[in-house]
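Following: one structure in structure tokens, then a few remarks.
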Amino acid sequence: MDRQTSPRDLPRAQFLAERALTTLERFLHVEAVSGIVLLVAAAVALIWANSPFAQSYHDLWHLPLSIGLGTFVYAQSLHFWVNDALMTVFFLVVGMEIRREIHEGALSKLDQAILPVAAAAGGVIVPALIYLVLNTDMVRAHGWAVPTATDIAFAVGVLALLGRSIPGNLRVFLLALAIIDDVVAVLIIAFFYSGGLDPSGFAIAALGVVMVVGLQRIGVGSAYAYVLPGAVIWVGLLVTGAHPTLAGVVLGLMTPVMSIPMREQPIDVLSRISEELRSHDAVSTKDARRLAHPRRQLRLANREMLPPVVRVQTALHPWVAYGVMPLFALANAGVSVGGVNLFAGEAHLAMLGVGLALVVGKPLGVVGATWFMVRMGWCRLPPGVSWGGILLIGLLAGIGFTMSIFIAILAFADENLLAAAKLGVLLGSSVAALLGLGWGALYVRRLRARTGAHD
């Protein structure tokens, strides 16, 4: 009987490469790491924009980049391609997260969804009101939505830093709240920051949607086949005047949550073909052609083991967390502090409004709405979640960062107001993260003390 090949029997270089790859994959899926990478990218942008090399920072993002086909050439700055094209992939992942939660997650049942929905609503309304109280001028008031967003990567990353003592239901509550926040942010962008819409673009976007539906109806499961329809939707939304990144949300919400039906279950196909291949002592060059069909079946079965929404989201997660979002932070967090005139057009009120709304408004809205729903008897706190945990969620929800900066870019045409709003986002998100870490450490200590007392 042949001895099973162990990893140690592999050539040393291959063994080391496989171990390194496995370690890297585990490292990249640690939630706290993506938040740290994002923070480093933002810090680099800030330092660069306030260094003697600040001009090179601005020159880089205004570098023209064009795509062309024949006589057609479309040229835009590198900043545009990051904010309007690459961020579509981020919104694609957001759309798929929403799709999954509606199908089988926290948003799949009304009784489970109502409390995080109420908390998210409070976390949108109260910060917006605080901002508007300080910014009554029409130009500055246009930024009311900037502090309403939550950066899910940062918030979950900070929660992960607090360790395994955090109750699982608390993490689920934060994820549900952040995803609902994403839904609200997408709706806000679509309805309030899309400007005058050109109807001609809707026909192009509709063509892309029809292409997606058509591919799904004929059973095309390869994600690559949907790149072209996605690009058509993106172009259509760009022509309409809506923000083209919404194409990612549309495509994400259309991603199937069930695998393509097969005559055999994928696991049965894998078992059958594996047995067939084992039955051959060796595969000669002449037999290679006969293996083409089994190999195709193996690839299809392996692909359909997971639903498309899970498969694509899992594949894109590292690229978004360690590529798209840090690049967005690098391109947009570089605010020249010395170049901001906080008293021109009362820009300091925009900065103060955003900062206070994130640090004070978010926890006040989240905790207040949750308390109201529980007090009225319409909801109960999830098992294992205390009011201290809800306060922690409220503080972490104040980390607006990526989405808040994104909305600020859409809200303010004035460069000085935009810079002031970005400063408010950076300062407010940093304070919210520090308060969340501080309160979270105290909360975890109390949980451990309580657990120890019961043992």
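In case you wondered, yes, glycine gets a Cβ from its N, Cα and C as well.
Per Swiss-Prot, these features apply:
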- 27-47: transmembrane segment (TRANSMEM)
- 53-73: transmembrane segment (TRANSMEM)
- 114-134: transmembrane segment (TRANSMEM)
- 143-163: transmembrane segment (TRANSMEM)
- 172-192: transmembrane segment (TRANSMEM)
- 195-215: transmembrane segment (TRANSMEM)
- 242-262: transmembrane segment (TRANSMEM)
- 320-340: transmembrane segment (TRANSMEM)
- 349-369: transmembrane segment (TRANSMEM)
- 390-410: transmembrane segment (TRANSMEM)
- 424-444: transmembrane segment (TRANSMEM)
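Listed stretches 53-73, 143-163, 320-340, 349-369 were compared with the transmembrane segment (390-410); the greatest number of C-beta pairs under 8 angstroms is found for 143-163. Of the Cβ pairs linking the transmembrane segment (349-369) with the transmembrane segment (320-340) and spaced 6 or more residues apart, fewer than 3 are under 8 Å, so the two regions do not touch. Taking residue pairs at least 6 apart in sequence, the transmembrane segment (172-192) and the transmembrane segment (114-134) share three or more C-beta contacts under 8 angstroms. If you look at the transmembrane segment (172-192), the same-chain residues 6 or more away from its ends with a CB under 8 A from one of its CBs are 91, 94, 97-98, 101, 105-107, 112-113, 115-117, 119-121, 123-124, 145, 148-150, 152, 155-156, 159, 242-243, 245-246, 249, 366, 382, 385, 389-390, 393, 396-397, 403, 407, 410. Counting only same-chain residues 6+ beyond the ends of the transmembrane segment (424-444), those with a CB under 8 A from a CB of the stretch are 42, 46, 146-147, 151, 154-155, 158-159, 161-163, 165-166, 333, 335, 350-359, 362, 388-389, 391-392, 395-401, 404-405, 408.
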